[in-house]
Ligand SMILES: [Zn+2]
C-alpha cells in the first residue's frame, strides 16, 4: 500500500509533537520549571488532538492524550485515588464556549445553568476527611495515582484539621501561594543567593513537595476547595450547593463564583475577570464553567479523559516582545550580585516595562540571554517582570554569550560562587555597595522609617564619608547635611528631626532594620512582642525562640548566630550609646494580621448606616485582615462598603469605578 503524502507528514508531526509535549510536561510536572507558557503547551496539545482525530491509527499508547496528566515524582508515598482526578477540556475563545454549550444542551433535558469559578493557578489536591478529621491529602499526580502530602498539607493554616461537623467526605481543590507571599519569598531567596521560583504555582508546588514540613509551614500556602467527590451524608443537588456546604463545613472556597443561565452571560463574567485578574491577591489562569445541576451533569456524562459537563476557559498569555540593551550587575545588602536586563520600554499587562531581574548567573546561562537579543517578557505573579525566553529565530549572528563579572562592580574585590548557592557574592565586609544597601534597608518604612532619606542622599553620605555604618546616621549634624547637594536649611532640619524621632521606635522596627538573615518584618514583631527587649532576645536559647508560634528553626538559628557575632554586638552598643530605644513599646495584639485575606493591602472606605456592625469594630476587623481603612474615596480606593443611605461617597465611587459592596456581600466575605 502506498501511503499518501499527507498521512506521512501527519505521522512525522505526531512523533514530533509527542516528543515536544513530553519534554515540556517533564519540565512542568517533574522539575517545576516550565520554559514555555501554558498557552503554548496547549496549542501544541490541541494540534496533536486534531491530528489524532483525523488519523486515528496514529494514536500511540504513550501519547499525552492517552493519560490524564504528567509523570510522578519519587520521594513521597504514592497513593491511588478512590476516584480518578480528571482534567478538564479547554476553550480559548467564545466560539469554543458556544460549541461546548451546544453539546451540553443536546445531552441535557430542560434548562441548563452554568456555575462559573475562577481557575486558580496552583496545585490540585484531594482532601479526605473521616468523621470530620483530615486523614489524607494527595496531589493529583497522573490523575489515578498521586503523592501523599498529608504531612505538609496539615501545616497549611487554611486547611482545617477538623471540620465543623463529623462528616466523612472527600473534597478537591487547589493549593496555591498568594502573590504577595510569592514576591516576598523570591526577594528573600534572591537576597540569600538561592534559586528563585518562576511563578506562584511553581513556588506552591516546590513548597508542597518539600520534604521538610517546617519549610512548608513557613511559606504561607493557601487553598480553595472547588468540588466534592464523596458526599457522606451531605444532601446537595447542584455545584453551587456543594460549594456552600463546603463553606459550612469550614473548608475554604473562592467567593467570586456566580451562576448564569446562558453562555453569553458566562462570557461577560469571563471578560470581567480578565480585567480584574491582576488586582486579585492570587494568580488565576482562566475560568472554570460547570453545569450546575448534578442530574444534568449525569446526563452529560464523561469522555475517557474529562467530564462533558465542564470546561476550562484559558486566558491568553500576557506576553510582550522587546530587546535587551544591557545587563546591569548590582550588589545587594548581603553581598549577592544580581543581574538585571535593561530593555526597550514595552507595554505589558497595564504598565510599561523596561527592567527585569535575571536573578542569577545560572538563569542567564540556562535561558542563554544575550545583549541585543529579542526576548519575550511576562509578569510573574502578575507583578514582577521577567524574561521568559529568547526568540532565537531573530538572534543576529554577532551576539556573544553574556559576560559574567569576576569582580564586584562596586569595590572590585574578587567575586565568589559559594558551593550551595546560585548567586555570585561580594564577600568584602567593607564593600560600600553593601553598606549603602544596608542603610537603605535600615531607613525603610517597615524598619526605622526615616522620612526624606532617599537613595540619592544616602549615596552622597557614603561618598563624602559622613556615614560608614547605620549608627553613623545618629552622628550627623546640620553642617554635615548642608554639604550635600540640594539640601537647604529647612530640609536639613527636617531630616535631622526624622532621624532623631526614629530613636524612639519600638524594638521590632530596629530588629527588622538590622537586616538579620531570614528575619522579616513579621518575625521581628513576633520577637519584640515576646521578649520586649534586645537584652532578653540575646539571652534567649534556640529552643525558646523556636517555641514562638510563627518562628521556625531556620529563623531561630539565624537569630542566635547573629547575637554571637562580635560586629553585631558592637553595632548594637554603638546604637545604644546614641540613645536608640531597644525595647518594645507597642501594644500586644491579640490577633495577627492575616496577609492571605482578600482585604490584605486593600484600601477600603466605609460609608452609610450599617445594620450588622459598629463602624469602629468593623474598621478594626478589616485592619486586622490587612486593610487600610480610610475616610475618603480616591483613585487609590479598592473597595467601598456602602450601608444604608450612602450618599456622595457612593456616587464618587461609581464615578471612579471603585468596587462597591453592600453589607450582605461583606458578611459573606468575612465568614470565609
Ligand atoms: Zn563589593
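Any Cβ shown, glycine's included, is placed from N, Cα and C.
Just so you know, TrEMBL annotations are computer predictions that nobody has curated.
Positions annotated as NAD(+) binding site by TrEMBL: 38, 39, 40, 41, 42, 87, 88, 117, 140, 174, 290, 314. The Cβ of residue 42 (NAD(+) binding site) has 15 neighbouring Cβ atoms from other residues within 10 Å, across all protein chains displayed.
Per TrEMBL, the feature active site, N6-AMP-lysine intermediate maps to 119. According to DSSP, residue 119 (active site, N6-AMP-lysine intermediate) sits within a strand segment. Sequence-distant neighbours of residue 119 (active site, N6-AMP-lysine intermediate) (same chain, six or more apart, CB under 8 Å from its CB) are 284, 285, 286, 287, 288, 312, 313, 314, listed in sequence order.
DSSP assigns residue 431 (Zn(2+) binding site) to coil, not to a helix or a strand. The Zn(2+) binding site annotation in TrEMBL covers 408, 411, 426, 431.
This prediction places the mean pLDDT of the domain 'BRCT' (594-672) at 82. Taken from TrEMBL, the feature domain 'BRCT' covers 594-672.
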Zn(2+) site shell beyond 408, 411, 426, 431, criterion: Cβ within 8 Å of Cβ centroid: 331, 335, 409, 410, 412, 413, 415, 427, 428, 432, 433, 434
Cβ neighbours of residue 411 (Zn(2+) binding site) where a neighbour is any other Cβ within 10 Å: 15
Sequence-ordered recorded positions from 38, 119, 426 with Cβ under 6 Å of an atom of ligand 1: 426
Residues of the domain 'BRCT' (594-672) by DSSP state, where helix covers H, G and I: 26 helix, 17 strand, 36 coil
Three-state secondary structure, which DSSP defines for residue 40 (NAD(+) binding site): helix
Residue among binding-site residues 38, 140, 290 with Cα closest to the Cα of residue 431 (Zn(2+) binding site): 38
When distances run from the Cα of residue 426 (Zn(2+) binding site) to each of the binding-site residues 88, 140, 290, the nearest one: 140
Among 38, 39, 40, 41, 42, 87, 88, 117, 140, 174, 290, 314, the record's NAD(+) binders - longest CA distance, Å: 25
